[in-house]
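Read the structure below first, then the notes.
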Amino acid sequence: MERFIFAALLVVALSLSGTGADPQCLPGWSSSDGYCYKVFKEYKRWDDAEMFCRQEVEGGHLVSIHSKTEAKFLARLVFRKFILLNVWIGLSSPGKHGIWRWSDGSSFYYTSWAFGEPNNFLWNEYCVGLMSITGHRKWSDQNCRSKRYFICKAQPQGEGSTW
(Lines of atoms letter the chains of each structure in order from A and count residues from 1; the text may use other names and numbers.)
(Lines give C-alpha, C1' and ligand atoms only; values in the text may rest on other atoms or scores of the structure.)
Protein backbone atom coordinates (compact mmCIF):
# COMPACT_ATOMS: atom_id res chain seq x y z
CA MET A 1 0.00 0.00 0.00
CA GLU A 2 2.82 2.41 0.85
CA ARG A 3 4.43 1.68 -2.49
CA PHE A 4 1.17 2.48 -4.27
CA ILE A 5 0.78 5.80 -2.44
CA PHE A 6 4.41 6.70 -3.17
CA ALA A 7 3.98 5.80 -6.85
CA ALA A 8 0.76 7.81 -7.08
CA LEU A 9 2.39 10.86 -5.50
CA LEU A 10 5.38 10.49 -7.81
CA VAL A 11 3.13 10.40 -10.88
CA VAL A 12 1.29 13.54 -9.73
CA ALA A 13 4.55 15.37 -8.98
CA LEU A 14 6.05 14.43 -12.34
CA SER A 15 2.91 15.39 -14.23
CA LEU A 16 2.93 18.83 -12.63
CA SER A 17 6.65 19.49 -13.00
CA GLY A 18 7.37 21.96 -15.76
CA THR A 19 3.73 22.81 -16.38
CA GLY A 20 3.82 25.95 -14.34
CA ALA A 21 1.00 24.72 -12.13
CA ASP A 22 0.56 27.14 -9.24
CA PRO A 23 -2.34 27.24 -6.80
CA GLN A 24 -1.99 31.04 -6.57
CA CYS A 25 -2.57 31.57 -10.30
CA LEU A 26 -6.01 31.48 -11.87
CA PRO A 27 -6.97 28.25 -13.62
CA GLY A 28 -5.58 28.33 -17.14
CA TRP A 29 -2.68 30.58 -16.12
CA SER A 30 0.92 29.34 -15.93
CA SER A 31 3.47 30.22 -13.29
CA SER A 32 7.17 30.97 -13.63
CA ASP A 33 9.59 32.74 -11.33
CA GLY A 34 6.89 34.28 -9.15
CA TYR A 35 4.56 35.53 -11.90
CA CYS A 36 1.42 34.26 -13.61
CA TYR A 37 1.10 34.27 -17.41
CA LYS A 38 -1.65 33.54 -19.89
CA VAL A 39 -1.76 33.55 -23.69
CA PHE A 40 -5.08 34.82 -25.00
CA LYS A 41 -6.16 33.61 -28.42
CA GLU A 42 -8.28 36.66 -29.12
CA TYR A 43 -7.45 39.25 -31.75
CA LYS A 44 -6.98 42.69 -30.19
CA ARG A 45 -5.16 45.89 -30.99
CA TRP A 46 -2.26 46.63 -28.63
CA ASP A 47 -4.14 49.17 -26.47
CA ASP A 48 -7.23 46.95 -26.29
CA ALA A 49 -5.08 43.97 -25.26
CA GLU A 50 -3.43 46.05 -22.51
CA MET A 51 -6.85 47.15 -21.24
CA PHE A 52 -8.07 43.54 -21.34
CA CYS A 53 -5.11 42.40 -19.21
CA ARG A 54 -5.78 45.16 -16.68
CA GLN A 55 -9.43 44.13 -16.41
CA GLU A 56 -8.74 40.39 -16.41
CA VAL A 57 -6.79 40.38 -13.15
CA GLU A 58 -5.70 42.90 -10.53
CA GLY A 59 -2.25 44.20 -11.43
CA GLY A 60 -2.39 42.58 -14.86
CA HIS A 61 -0.65 44.00 -17.92
CA LEU A 62 0.64 42.84 -21.26
CA VAL A 63 3.74 40.81 -20.50
CA SER A 64 7.06 42.50 -19.74
CA ILE A 65 10.18 40.40 -20.38
CA HIS A 66 13.28 40.81 -18.24
CA SER A 67 15.55 37.86 -18.99
CA LYS A 68 16.44 35.21 -21.53
CA THR A 69 14.97 32.62 -19.15
CA GLU A 70 11.63 34.42 -19.10
CA ALA A 71 11.74 34.81 -22.90
CA LYS A 72 12.30 31.05 -23.34
CA PHE A 73 9.44 30.27 -20.95
CA LEU A 74 7.11 32.54 -22.96
CA ALA A 75 8.20 31.02 -26.28
CA ARG A 76 7.29 27.56 -24.94
CA LEU A 77 3.99 28.86 -23.56
CA VAL A 78 3.01 30.35 -26.93
CA PHE A 79 4.20 27.22 -28.78
CA ARG A 80 1.93 25.02 -26.61
CA LYS A 81 -1.04 27.09 -27.84
CA PHE A 82 -0.10 26.30 -31.46
CA ILE A 83 0.06 29.97 -32.36
CA LEU A 84 1.71 30.63 -35.69
CA LEU A 85 1.20 34.41 -35.62
CA ASN A 86 2.95 37.33 -33.95
CA VAL A 87 1.84 37.97 -30.36
CA TRP A 88 1.63 41.30 -28.50
CA ILE A 89 3.88 41.99 -25.51
CA GLY A 90 3.76 45.03 -23.22
CA LEU A 91 6.49 47.09 -24.88
CA SER A 92 5.63 50.29 -26.73
CA SER A 93 6.90 53.75 -27.55
CA PRO A 94 4.00 55.88 -26.28
CA GLY A 95 5.58 59.19 -27.26
CA LYS A 96 6.45 57.79 -30.70
CA HIS A 97 10.08 58.87 -30.30
CA GLY A 98 11.75 55.45 -30.10
CA ILE A 99 11.85 55.48 -26.30
CA TRP A 100 10.54 52.05 -25.32
CA ARG A 101 8.55 51.45 -22.12
CA TRP A 102 6.86 48.46 -20.53
CA SER A 103 3.14 48.96 -19.88
CA ASP A 104 3.58 47.72 -16.29
CA GLY A 105 6.12 50.48 -15.58
CA SER A 106 9.00 48.08 -15.00
CA SER A 107 12.55 48.93 -16.09
CA PHE A 108 13.53 48.36 -19.70
CA TYR A 109 16.97 46.75 -19.69
CA TYR A 110 16.63 43.35 -21.41
CA THR A 111 16.12 43.32 -25.18
CA SER A 112 15.64 40.63 -27.78
CA TRP A 113 15.13 42.55 -31.02
CA ALA A 114 15.14 40.58 -34.26
CA PHE A 115 17.77 41.55 -36.82
CA GLY A 116 16.95 44.99 -38.27
CA GLU A 117 14.43 45.80 -35.54
CA PRO A 118 13.09 48.14 -34.39
CA ASN A 119 12.71 49.66 -37.84
CA ASN A 120 9.52 51.76 -37.55
CA PHE A 121 8.45 50.59 -41.00
CA LEU A 122 6.38 53.28 -42.75
CA TRP A 123 6.86 55.44 -39.62
CA ASN A 124 3.95 53.67 -37.99
CA GLU A 125 5.29 50.96 -35.63
CA TYR A 126 5.24 51.88 -31.96
CA CYS A 127 4.15 48.62 -30.30
CA VAL A 128 6.07 45.36 -29.99
CA GLY A 129 5.22 41.74 -30.66
CA LEU A 130 6.96 38.40 -30.47
CA MET A 131 7.75 37.27 -34.01
CA SER A 132 6.37 33.87 -34.95
CA ILE A 133 9.11 33.37 -37.55
CA THR A 134 11.69 33.36 -34.70
CA GLY A 135 9.78 30.84 -32.60
CA HIS A 136 8.40 33.78 -30.58
CA ARG A 137 11.88 34.50 -29.18
CA LYS A 138 12.63 37.79 -30.97
CA TRP A 139 10.85 41.14 -31.00
CA SER A 140 9.58 43.33 -33.81
CA ASP A 141 8.03 46.79 -33.66
CA GLN A 142 4.60 46.67 -35.27
CA ASN A 143 1.59 48.82 -36.05
CA CYS A 144 -0.36 49.21 -32.79
CA ARG A 145 -3.67 48.99 -34.69
CA SER A 146 -2.91 45.47 -35.93
CA LYS A 147 -4.99 42.82 -34.19
CA ARG A 148 -2.98 40.03 -32.59
CA TYR A 149 -3.12 37.40 -29.89
CA PHE A 150 -1.43 38.54 -26.68
CA ILE A 151 0.13 37.50 -23.37
CA CYS A 152 -0.91 38.89 -19.98
CA LYS A 153 1.29 38.83 -16.88
CA ALA A 154 0.39 39.38 -13.23
CA GLN A 155 1.71 38.61 -9.78
CA PRO A 156 0.00 35.81 -7.86
CA GLN A 157 -2.72 37.22 -5.67
CA GLY A 158 -1.59 35.34 -2.55
CA GLU A 159 -3.34 33.30 0.08
CA GLY A 160 -7.00 34.01 0.55
CA SER A 161 -7.34 35.78 -2.79
CA THR A 162 -10.48 35.58 -4.86
CA TRP A 163 -8.60 33.88 -7.70
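The backbone N, Cα and C atoms fix where each Cβ goes, glycine too.
Note that this is a predicted model, so its numbers are computed, not measured.
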Disulphide pairing with Cys144 per Swiss-Prot - partner from Cys53, Cys127: Cys127
Structural state census, the domain 'C-type lectin' (32-153) (DSSP three-state): 30 helix, 36 strand, 56 coil
Chain-internal residues near Cys152 (disulfide bond), provided their CB is under 8 angstroms and they sit 6+ positions away: Tyr37, Lys38, Phe40, Phe52, Cys53, Glu56, Val57, Gly60, His61, Leu62, Val63
Nearest-integer angstrom distance between the alpha carbons (Cα) of Glu125 (Ca(2+) binding site) and Cys144 (disulfide bond): 7
Structural state of Cys25 (disulfide bond), classified by DSSP into three states: coil
Among Cys25, Cys127, Cys144, the most crowded of the disulfide-bonded residues [Cβ within 10 Å]: Cys127
